[in-house]
């Protein structure tokens with residue numbers, strides 16, 4: 001007898017019959033059929049999976065296999081995306097597996113309130129991804145190019161004098177000139193990175209003005225994404241659907257902010273990045289306040 | 001029901017990063033599936049959650065791209081340097097004007 005478990009993709013408020021209908025022809029993980037398990041006004045999209053593949057030990061092994069990871073991720077996404085197209089959908093994290101459907105109903109019952117609140121939060125909103133790249137050459141050359149490095153340094157005046165203060169042989173010495181040139185180049189590189197970071201801040205700031213909320217993902221691995229240059233922004237924005245066009249327009253406009261800057265818009269996504277309650281400032285402030293009341297460290301001044 | 005995922009512009013194909021027949025980059029998907037979504041502890045996957053999904057799968061990604069590991073580290077450092085760099089800004093003010 002083969003042991004099985006219930007893989008859960010997403011939780012939605014859609015009617016189970018309509019959900020099942022939407023899932024016709026959509027293959028789940030490992031090619032499994034996708035079913036709807038409904039309880040307490042919520043519908044979970046699930047598949048029956050073999051524990052030989054989705055059991056704990058097997059998963060630890062399989063998750064390290066990129067081909068397995070990719071096909072599982074794409075199947076998971078296909079179900080989530082198909083569901084999100086017909087009803088408000090809360091995606092679950094990859095590989096959430098229960099013993100059986102009954103356990104899924106229990107979870108829907110136990111955490112129903114939490115899921116309902118999360119569904120309310122994402123209703124009428126869609127996730128969009130924005131990735132920003134800076135071309136290092138363009139960001140460096142717009143300031144002082146290699147040939148202009150000396151002049152760039154001199155233009156800073158005060159800094160230049162500060163440097164020569166320590167140079168006892170004067171600016172005409174080849175050694176000093178070399179060092180000055182090196183410093184100027186380093187400063188140019190620093191300036192370029194600083195400007196790229198400032199660009200990313202401004203883009204994020206302006207997009208946050210339109211979005212209901214946002215989340216920053218870690219920069220992507222260039223080997224996987226194939227991108228060149230500096231990845232300066234990898235963010236997700238939860239945008240009210242009536243503002244989606246404004247958001248897209250803002251991305252297009254901001255991509256012209258500066259030469260050498262490139263923005264990529266991805267989406268619409270089911271709200272993966274916003275399925276969890278933000279752990280944000282509210283929680284942290286609360287914790288900090290409690291901290292000051294209950295434990296006064298030696299660092300607490302009067 | 002077909003929802004088109006658009007990229008502006010479409011990202012350059014990066015080996016296994018871009019799937020066959022689909023235009024969603026795997027990296028974008030993994031950003032969301034491994035670090036996003038509702039986290040509820042499954043019966044079967046209790047200790048997977050503890051071990052940290054991201055770390056396990058990161059090993060898969062790194063193993064698949066083992067050549068040029070140094071370059072990866074270099075690129076990863078880029079963002080760190082951007083941050084360091086912001087911190088380094090005040091040092092200019094310390095200079096005599």
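Any Cβ shown, glycine's included, is placed from N, Cα and C.
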The annotated region 'Disordered' range in TrEMBL, which must be one of A:139-192, A:193-246: A:139-192
Range annotated as region 'Disordered' - as stated in TrEMBL, picked from A:86-116, A:272-302: A:272-302
